[in-house]
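What follows is a set of notes on a single structure, which appears directly below.
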């Protein structure tokens, strides 16, 4: 039992330049800021914006839809700040799985990686299934696609197959196998074309709005027909339109200058998405009263009501382009997560093979494409779309927790591989010799050696020095222990508070009681974290010189609170399906990952001592 618990909490080291130079299966560094922005925007702006505008305005926000997008964008920015710091400090493939393995532990990292596998597979399949209905509009209607691409029902299986979706998944998979530079270029072109469509909507819609007097803002219900609560409910819905920027972090290992480019790429992509969302919503809500919007095709119908029926084809083109770009953004990260997990021994080494010519994980990409294409061909995965949100929100939450751990209780010990444990024992023997013979008697005369030994030994045993060192270590141990309990208090408080606030079936007084308990735990933990000092080790953790997340601990705590609230409210059916997948993952970890982990036979040593061992080992090799 003890060994099993230790396996769950063991943590790996940040990939150093030394490890990168010695290791195989490295990805090619090809990406710059421009390509990162293309990946981020392309993965985030899907066809959802062409539908969400109508649905959220009708049911939740009304004319205040723009504010809903702004608030959701700010909430997404909280996670983006956390991702930016960890991506620049730990620039390796794996994204949230990699960060949680370094900061939290192997057990949590495995669950995050396993959940992200589900997210990207279902997400890619759902996006692919959404392309064929939009393409059909160019051929005359919903059932007008050529026979080879049209959907067909298999009556003996009661299944509707979608050859077009499967073909597009295989096409994107082949493109990703060619190389990251080529695939990011194509995604950039598709994203730019989609942005031009959205700019057309903004410019042409603004012209119509000024001509007609912005009738949508003159409704009797005012700017907040559903109140502030309705606007906030709309923010929770449109928040999922910002999911996708984390794809940028998954490509960290392929970025030329990750300390500079990753934070800028994430921030720029999110800013562009938020600006486009807000401008489109300002225009469309002003053209048509919110209660008269078409919930399925709000943008096309808004132009049609003003005599621009031809705009439907342009808007549909934008939706198809957005879906194609999002499909690439959904399939791109998963092979890199599989590769990262295989590197750590948690999955078979098959998944970490990197093609020598293209320097991308071709085998993992092909497996991902086959799985996504099979789902897209046979299954209507729209009912499983909520499962995509679980993986993303879990990742966002763990990344924020990792920021708190990095700042207050960063790992002070690192794993030493079995190949260097002989050097570790030699280093311990040398330390013992230095204690017994501090200055090395062989290098001095008999008189000076005895006097020097006495001076050094007495200085080491000086009670004042010993007391000062002991008190300093004790204070640091107390600070780390207090910080750890405070982080745990914040997490438990957030869980209790959000669960009780969402449990409307409880009696009012019981609900209030648990809300107060959760709020007290949350505020107490947050207050202590604000009061105590952050760990000095944070300055040397990982790769220095990159982005630093501001307003710690307040910003990551707010991020944890928002994402946990959204997780709690995803619904019982979604959690039941995700729970089955996670239980399957637990069995895979118990019977394979736990015993094959690269950390199975390691010894943990202090960071300073590990550096000495690496130097000792390299010097020994050089001498030999």
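Think of each number as a place in line: the chain as shown, counted from 1.
Any Cβ shown, glycine's included, is placed from N, Cα and C.
As annotated in TrEMBL, transmembrane segment covers the listed stretch 360-378 rather than the other ranges in 246-264, 341-359, 360-378, 417-435. Among the residue ranges 544-568, 594-618, the one that TrEMBL annotates as transmembrane segment is 544-568. The feature transmembrane segment, as given by TrEMBL for the ranges 384-406, 453-475, sits at 384-406. Of the given residue ranges 14-35, 36-57, TrEMBL assigns the label transmembrane segment to 36-57. Counting residue by residue with DSSP, the domain 'Cationic amino acid transporter C-terminal' (547-597) contains 40 helix, 0 strand, 11 coil. As a whole-number mean, the pLDDT of the domain 'Cationic amino acid transporter C-terminal' (547-597) in this prediction is 93. Between the transmembrane segment (222-245) and the transmembrane segment (266-290) there are 3 or more Cβ pairs closer than 8 Å, counting only residues 6 or more apart in sequence, so the two stretches are in contact.
Stretch with the most C-beta contacts under 8 angstroms to the transmembrane segment (384-406), considering only 63-84, 96-117, 159-178, 185-210: 96-117.
Within the same chain, the transmembrane segment (185-210) packs against the transmembrane segment (36-57): three or more Cβ pairs sit under 8 Å, each pair at least 6 residues apart.
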